[in-house]
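Features as listed in Swiss-Prot:
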type	residues	note
BINDING	Arg307, Asp344, Asp348, Arg486, Asn489	(2E)-geranyl diphosphate binding site
BINDING	Asp344, Asp348	Mg(2+) 1 binding site
BINDING	Asp344, Asp348	Mg(2+) 2 binding site
BINDING	Asn489, Thr493, Glu497	Mg(2+) 3 binding site
MOTIF	344-348	motif 'DDXXD motif'
TRANSIT	1-30	transit peptide
Amino acid sequence: MATLCIGSAPIYQNACIHNFRLQRPRRFISKSMTKTMPDANPLDLRRRSGNYQPSSWDHSYLLSIENKYVNEKEVITRHVLKKKVKKMLEEVETKSRLEKLELIDDLQKLGVSYHFEQEINNILTNFHLENGKNIWKCDKEEDLHATALEFRLLRQHGFGVSEDIFDVIIDKIESNTFKSDNITSIITLYEASYLSTKSDTKLHKVIRPFATEQIRNFVDDESETYNIMLREMAIHALEIPYHWRMRRLETRWYIDAYEKKHDMNLFLAEFAKIDFNIVQTAHQEDVKYVSCWWKETGLGSQLHFVRDRIVENYFWTVGMIYEPQFGYIRRIVAIVAALITVIDDIYDIYGTPEELELFTAMVQNWDINRLDELPEYMKLCFLTLFNEINAMGCDVLKCKNIDVIPYFKKSWADLCKAYLVEAKWYKGGYKPSVEEYMQNAWISISAPTMLIHFYCAFSGQISVQILESLVQQQQDVVRCSATVLRLANDLATSPDELARGDVLKSVQCYMHETGVSEEEARTHVQQMISHTWDEMNYEARTAARSSSLLSRRFVETAMNLARMSQCMYQHGDGHGCPDKAKIVDRVQTLLVDPIPLD
């Protein structure tokens, strides 16, 4: 099995990194690294424990997983089916407006649109050019499904579309003259409302509340149980809107749902299932790689107090960028996420105030010659961080001729300083305001650190201007992504974290600041998430313009990180207690279990 760990060629984006981790820069090794356990002394009596459960994933088991349905025959079949779908898109002019839109929507939800990005963009561009900046106003209930779907798809792809297209429908809603029993149209309208920006008052105040109420009434109406598929779609939409969902998990759900549709396309369904299995195989190779890396570091085995969550750390990256050709990027970001998890646990749980000051200074100075100033358990952590980040920087320098290590260093230093602020708040019993808490918490949630490493790994040509804006925390889309991640985390984890000893989270800060109940505070935080999505939608539209510094793919990945947070924390602390929060089941579904092929 060793060949799976070392010899398997990673799936990579750039040819020059094909030997990633096979030839590495010289590593620094501490003399005491062969056995690095936390110091056994009376000081340990003052240390806290997170009481985290062990990993749900055995390393040997991970090395053994494979998709039995992926073979040369299926790869050839996918190629043939892909050509058929491509032909459908090329001959789309013979289809109606609604048929074109539904085909694009199906391709996206089935997870295969990445094969046809140019064709899809051409179709949507034609829609936009034909209609002008404002689509015709929808004045008939029977046109609502097509108009709402077009609105959502165009906005999702960065085209400017005004909410005014719904003015006639809004007038009917407000005058109680809207008449339609087509729940499909209402669900489509509901989903479209989540592409709103902060200036879209009609979507916020009229359309979303109306559509939500209509869907709830449909779900609650026992006489509607005859249409099981529509009922499932309605419940699914109310649970989390499509725009906020983790794309890959949605794909797995929709493949099953699509086959139940009366008008489903047989070869499109087959194409989606085969493609899912092939992509899953790429993800399985990634998991084997990062699991071997984690085992080699000894962080999980030697630092008993940290969360052993390498699979969950990798799972985050599938939510960020799932396409098979980006395996190198997923592996890099998974390693970054694993290091973040370890360091977070040191600051949150184990480190003393004095030790945390030392570690923060060490990361800020990035001086390996001062390693002996750290306690033994911190040496292993810092040395691993030092080696991995320098190796990543070396890869970028070789491939892209730019030294990004100073930017990486600053990002990690800022993260550790944010962790230290929270540790001091907890130690001193300080209760920050919501504003003060969030100014620090959007950094301490680690999204800026993850995204700067993503940017350097992904970008073919790295811009110093963008790097500077990222490390200076000037990119609003990063702040928005981090804010959603922080608030989703707070809603799911704050009770457990407070019980074991941690700084107040946004819910408790708002309760303390305003005197409201916990239920009211949680509602307020949920509203903060919704408002932040509006900001992020605006940033995504801005990024679609040619003058934008950030690529659309970077912005989409930042949004995907926010989506992933709502998946990970939907049912509780998916990172700390993955089995209780249904994350183990979701990992099993996406990374282990293939889709059976007839």
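Cβ atoms are placed via backbone N, Cα and C, with glycine included.
Shown on the structure are the features that Swiss-Prot records.
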| residue | record | Cβ contacts under 8 Å, 6 or more apart |
| --- | --- | --- |
| Asp344 | (2E)-geranyl diphosphate binding site | Tyr419, Ser446 |
| Arg486 | (2E)-geranyl diphosphate binding site | Met438, Ala441, Trp442, Ser444, Ile445, Ala447, Ser506 |
| Asn489 | (2E)-geranyl diphosphate binding site | Ile445, Ser565, Tyr569 |
| Thr493 | Mg(2+) 3 binding site | Lys505, Tyr569, Asp573, Gly576 |
Just going by other Cβ atoms within 10 Å, which of the binding-site residues Arg307, Asp348 has the emptiest spot?
Asp348
Taking the residues Arg307, Asp344, Asp348, Arg486, Asn489 listed for (2E)-geranyl diphosphate, what is the greatest CA to CA distance in Å, to the nearest whole number?
19
Overall pLDDT of the motif 'DDXXD motif' (344-348), taken as the mean:
96
Tell me the coarse DSSP state (helix, strand, coil) of Arg486 ((2E)-geranyl diphosphate binding site).
helix
Tell me the residue counts in helix, strand and coil for the motif 'DDXXD motif' (344-348), as DSSP assigns them.
5 helix, 0 strand, 0 coil
